[in-house]
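First up is the structure itself, then whatever we jot down about it.
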Amino acid sequence: YAEKELLEREPRGEAHQEVLRRAAKDLPIYTRTMSGAIRYCDRCQLIKPDRCHHCSVCDKCILKMDHHCPWVNNCVGFSNYKFFLLFLAYSLLYCLFIAATDLQYFIKFWTNGLPDTQAKFHIMFLFFAAAMFSVSLSSLFGYHCWLVSKNKSTLEAFRSPVFRHGTDKNGFSLGFSKNMRQVFGDEEKYWLLPIFSSLGDGCSFPTCLVNQDPEQPSTPAGLNSTSKNPENRQFPAKPLRESQSHLLTDSQSWTEGSTNLGKDKAGMSNPALTMENET
């Protein structure tokens, strides 16, 4: 509350950012604005978690916001992204089923094989509606499958996230398999069911190794919590939940990576587990 009062008193500028930097120094927040400032929502009066954006329609900040969908009259984000994908998949399968079963009667309509009643026009309309929705849904579903494979949201696909070291369009990508598990979870039996199984809490996300820091040892992300910065301040003990950080602790992949890099080369440090030294 004291920091909130300071924000209300301080005018926009460096002093305002200094208050935000002090408030966010122990938070797992690693993305910035284009100018390098802490992401802060004036409407909600809160520091935005990574991948969080304010929706002008819902008038609130949405965790891992993808887009506002008018078809479901709601925002698509962390809490319902899996359900949105399943909604597209179920709808696509339904439209394909209707188009396939109606095709034979659609052909008979043009060959005058149907009785001359008003009902035959329903067959034509049903086939066209199912076919057109199948085309549009397949395009939308394919696009979101690509986003899941890259661990991106629609907003991040159009505007790459900005980290402390700069813009990185693949900053949250962990590889195809781990990207899929971020959305659908570890248990494959729940993937096709409308059951929430996404990993994490929506406030912090593991990132790939994108920032090179010669002063940091080559250690796996998630295992660097006991490291210290030059001011001997320990990093947050656990910035990510176990369900998230275990995605980056694949012993086999780290063994292969360390063999290729060699012992004499400087390691890569994970910006998602490195605190920013304030000056």
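Each residue, glycine too, has its Cβ placed from N, Cα and C.
Nobody curates TrEMBL annotations by hand; they come from automatic prediction.
Taken verbatim from TrEMBL:
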- 38-159: domain 'Palmitoyltransferase DHHC' (DOMAIN)
- 83-101: transmembrane segment (TRANSMEM)
- 121-143: transmembrane segment (TRANSMEM)
- 210-279: region 'Disordered' (REGION)
- 210-229: compositional bias 'Polar residues' (COMPBIAS)
- 245-261: compositional bias 'Polar residues' (COMPBIAS)
Secondary structure composition of the domain 'Palmitoyltransferase DHHC' (38-159) [DSSP: H/G/I, E/B, coil]: 67 helix, 16 strand, 39 coil
Stretch-averaged pLDDT - the domain 'Palmitoyltransferase DHHC' (38-159): 92
